[in-house]
Amino acid sequence: MSLTVISSVYAICSDAAGVAGNILAFVLFLSPIPTFRRIVRNGSTEQFSGMPYIYALLNCLICLWYGIPIVSPGIILVATVNSIGAAFQLVYIVIFIAYAERRTKLKMFGFLVSVFAVFASIVLVSLKFLDSPTRQLFVGYLSVASLISMFASPLLIINLVIKMRSVEYMPFSLSLATFLMSLAFCVYGMLKRDPFIYVPNGIGTVLGTVQLALYAYFKRASQEELRHPLMDP
């Protein structure tokens, strides 16, 4: 097999992994819709927190900047998925602010302004003061730190499942989509030889595997309890 054919197959495989990651990420971006339907229907944010969407917006913006060709050539699929993610998070935040109480509204607006200020600072520093290789390293390390900080959510869910011995608060479809998305981008990163992509998504794949294993274990345990209910002495 010629080098040209091997190169073409390699490129197709890496692009396929990136496209799969984009599609699976889109599924995850849609997951908060039921929450926001409830907020709109009730005209209140109730006890919901808007901070996860603030963190997610900042993460998407940083990873979007990392995927832009001027920072990292050849990984445009990282930019596409995070541009879509940033748009979704911004819409969620605007809706949250619209239905929040005045105090929460002002706080969320302040956080939103801070996110764009931080992002603008990152863009300014990386363009104004850094050359191309250093720029990629600078934004790459920021993107890894941002992605790893986002893994706090799966860790909290895993802890809750173990503590309550129930998968009630860990939907299977969401866990599966998270695992598959992380796996797809881990493969994409490895094929692109980019540790700033495959390292954080490798961690996400491991956490996703743990979530699916816990789901299978506790789901089976609950089914066995239903089949063999405890008898009073």
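Note that Cβ sites are derived from N, Cα and C of the backbone, with glycine treated the same way.
Unlike curated records, TrEMBL annotations are generated automatically.
The transmembrane segment annotation in TrEMBL covers 6-30, 51-68, 74-97, 109-127, 139-162, 169-191, 197-218.
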Stretch in 6-30, 51-68, 109-127, 139-162, 197-218 most in contact with the transmembrane segment (169-191), if contact is a CB pair under 8 A: 197-218
Highest-contact recorded stretch vs the transmembrane segment (109-127), from 6-30, 51-68, 139-162, 197-218, CB pairs under 8 Å: 51-68
Candidates 51-68, 74-97, 139-162, 197-218; stretch with most C-beta pairs under 8 Å toward the transmembrane segment (6-30): 74-97
